[in-house]
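Student: This is the structure, below, for whatever I ask next.
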Amino acid sequence: CQSLPKTLPFQLLGLSIATLSTVTHYGLHFTLISDISLESNSYRAIHHAAFYFGICLSMTLILAALLSSAATVRESQCLTAMGFFCFALAFCGLIPAACWRYTHSTEVEDSVMDVYDLVYEEVRRNASSFRRHELTAIHEAFLCCGKRSPFGDTANVERKTCLSSQVRDAGQDCLQEIQDFLKKHMDFVSTLLGITIGFTVYGMILTSFLWFSIHFSSNLDRKGKYILR
């Protein structure tokens, strides 16, 4: 009897990654910024790439867990090798993602704040009534109001685009609120990436052990058997 790799944590981890990817892609804060951002802004590309990467990663982990379970039940070296390949594939995707996260630690925050700056300044110059609607939506989503601007009085913008309670309470600086919100989200993503890398290495070790166990057990079963001719 072969030892069964504990595949439930991998399935739960895959579902967690899929859930986080879906929330990040379809969440109000993220879709709002993505819809407003210009083509020249990098946020929209990051927004879509993160979603597809997360979904592919979650499917790979769940498939690896299912293959490992089936390999244990059927004592199949082929299924075990396929499970190892899936874990290795996930690991090869996770390492560049983790490196990108730490080498571009502020790119997401900067791109979102650039979007807010663009919309805010266009509203301040009364360039577009549609931009005023977008700025109001950002203020409502992030529960903030305006920003500190070196270009003069901003009270007029805040009266037009902030909730009455926020204007009365002087609101919260939106750039700071957006930065804090994204920092918490990215810290959670970084933590999940680290956990996933650890479990992926653990899965590769388990499937390797399982493959050798099945291989040597099969060889031992053949010993002592003779064929009469």
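Cβ coordinates come from backbone N, Cα and C, glycine included.
Caution: TrEMBL annotation is automatic and unverified by curators.
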Student: Considering the candidates Cys99, Cys174, which is the cysteine that TrEMBL reports in a disulfide bond with Cys144?
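Tutor: That would be Cys174, the partner TrEMBL lists for Cys144.
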Student: Let me make sure I read this right: TrEMBL says Cys162 forms a disulphide bond with another cysteine. Which one, out of Cys99, Cys145?
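Tutor: According to the record, the bonded cysteine is Cys145.
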Student: Let me check the 10 A CB neighbour count of Cys144 (disulfide bond). How many other CB atoms are there?
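Tutor: So the number of other Cβ atoms within 10 Å of Cys144 (disulfide bond) is 22.
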Student: Run the contact check on the transmembrane segment (12-33) against the transmembrane segment (79-103): 3 or more C-beta pairs under 8 Å, excluding pairs closer than 6 in sequence.
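Tutor: Stretch pair does not touch.
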